[in-house]
Amino acid sequence: MLFNSMAFAIFLPVVFLLYWICPSKYRYVFLLAVSYYFYMSLDVRYVFLLLFTTVISYLLARSFNISKSLRTKRIGLASGILSLTGVLLLYKYLDFFFEIINTAAQSFSIPIQTPTLKLMLPVGISFYTFQTLGYLIDVYKGKYPAEKHFGYYSLFVSFFPQLLSGPIGRGDKLLPQFKKIRLFDSSKAAYGLKLMAVGYFKKLVVANLLVSSVDSVFDNVNSYIGLVYIIVTIMFAIQIYCDFSGYTDIAVGTAMLFGIELTQNFKSPYFSHSIKEFWSRWHISLSTWFRDYLYIPMGGNRVGRFRHALNLMVTFLVSGLWHGAGLNFLVWGGLHGLYQIIQDLLFPGKKRGHTASRKGFFSFLSLALTFFLVCFAWVFFRAGNLADAWRMISLSLFQINDLNEYLKTAVICLDMTYTHMVYISIPVILLGIYDYASLKTDVISYISSKKIWVRYPIYILFLLVILLFSEKGVSTEFYYFQF
């Protein structure tokens, strides 16, 4: 059952009505039951891993509160990290490790051939593993006490809106909300529905309109020429943003229907003026997780220049591997680490890389350069292998002669009619206006504050755009489900 399925369109209204009818003290039980049902609808086998992660992290966190021995707590934390990451490593990285061994053995003519297990990656495992790891570390450090109630904790791990692709929650922010007895808040529910509509626009309209062109090129790199790669890389940058932030908007909006507030995961990232700013706006729950649980414990920026650079590189390399078991993801993470290191060397006084004070040409230049660097890294992220990525980059950057002729050829190669180009351009422009306006104000709240004769035509027009344009796209599952 996916957010963009008919099953979910039936599931959500039923769950919403039953939740608010249910007596307050049993609502967490109801949410827990429907969350497990939601996950089981994808594959019953996934539930056992989810339950294992829940039980292990719950028991270890409780032991931190009971035990007074620091040594015992350290052993508990180490065993928790090994247990939780061990499951993730088994399903996500073991075959990758075996492939490296086989390649190395083949290079040195060593007669070794390790088997590949081809285990199916459970949807959401990377997200709920990191959520429970963060909780375990927080309790160990005494940031907040371990949750005693197993039911509330189970809901914290399995809450269905965020289970499959985040946002990654924190125990001190999310757990208290499940315990709170609340009355139905119509304004919060209305905001949630509007945010969901924005998410569906991003996914069903923009991302799904772009996916066929993107896939046709990235899956058949040798069949195309230089400028096609540039156009498609920009398309992919927009597609992955709309796909993932669209999912997040739907997740956050869905949670608001039940009075639960999840963390914001995106803040108009392509309007960033530096790579540091980009990472303060892109996949915020993951970037702050790596900051708090990996980068800062290694010393962060409170160490010497070389060590600081090493901390940055390690953090982004691990971030790359979190996304997938492949050298292309490692290179993607390494590039972002390198970007950060270079920025720190060139602008040592900039703590977060924000450049709001810049005006005019310099502001545009920094924005364009940041977008170029992000897109350059996206090539490695999306390409099937390093050879394909290098072909795309080399032909894009070094074999452009007649730009006008290349543009015509690119349009032909992408099999785009002018009608198709218009269908793609209009939603992308609307999205750009929305994201730019979101830098200064909450667009949904702003429209909601207008007179009824102003806001309702906007709502109706927006829904018509979704209905009209979504039919033109290719229906796909959310991109980040593979991670």
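Glycine is treated like the rest: Cβ placed from N, Cα and C.
Sequence-distant neighbours of the transmembrane segment (7-26) (same chain, 6+ residues past either end, Cβ-Cβ under 8 Å): 1, 34, 38, 41, 181-182, 184, 254, 257-258. Here TrEMBL flags 7-26 (among others) as transmembrane segment.
The transmembrane segment feature in TrEMBL is assigned to 46-64 (among others). Taking Cβ pairs closer than 8 Å, the transmembrane segment (46-64) reaches residues 36, 39-40, 72-73, 76-77, 79-80, 83-84, 87, 91, 122-125, 128-129, 132-133, 135-136, 139-140, 146-148, 150, 153-154, 157-158 in its own chain, all 6 or more past its ends.
Per TrEMBL, the feature transmembrane segment maps to 76-94 (among others). If you look at the transmembrane segment (76-94), the same-chain residues 6 or more away from its ends with a CB under 8 A from one of its CBs are 49, 52-53, 56-57, 60, 63-64, 67, 117, 119-122, 125-126, 129, 132-133, 136-137, 140, 321, 324-325.
The transmembrane segment annotation in TrEMBL covers 119-138 (among others). Beyond its flanks by at least six residues, the transmembrane segment (119-138) meets 39, 42-43, 45-46, 49-50, 53-54, 57, 60-61, 77, 80-81, 84-85, 87-88, 90-92, 94-95, 144, 156-158, 162-166, 168-172, 286, 289, 292-293, 322, 481-483 of its own chain at Cβ-Cβ distances under 8 Å.
Feature annotation from TrEMBL assigns transmembrane segment to 150-169 (among others). For the transmembrane segment (150-169), the list of distant contacts is 28-29, 31-32, 34-36, 38-39, 50, 53-54, 57-58, 123-124, 127-128, 130-132, 134-135, 175, 178-179, 244, 247-248, 250-252, 254-255, 260, 262-265, 283-286, 289, 478, 480-481, 483: same-chain residues at least six beyond its ends, Cβ to Cβ under 8 Å.
Taken from TrEMBL, the feature transmembrane segment covers 189-211 (among others).
Taken from TrEMBL, the feature transmembrane segment applies to 223-241 (among others).
TrEMBL lists 316-339 (among others) with the feature transmembrane segment. A Cβ distance under 8 Å defines the sequence-distant neighbours of the transmembrane segment (316-339), meaning residues of its chain 6+ beyond its ends; these are 92-93, 95-96, 126, 130, 275, 279, 286-287, 290, 294, 373, 376-378, 380-381, 383-386, 389, 482-483.
According to TrEMBL, the feature transmembrane segment maps to 360-381 (among others).
Summarising the annotation, TrEMBL assigns transmembrane segment to 418-437 (among others).
The feature transmembrane segment is assigned by TrEMBL to 458-481 (among others).
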Intrachain residues whose Cβ lies under 8 Å of the transmembrane segment (189-211), provided they are six or more past its termini | 3-4, 235-236, 238-243, 245-257, 423-424, 427-428, 431, 434, 444-445, 448, 459, 462-463, 465-466, 469-470, 472-476, 478-479
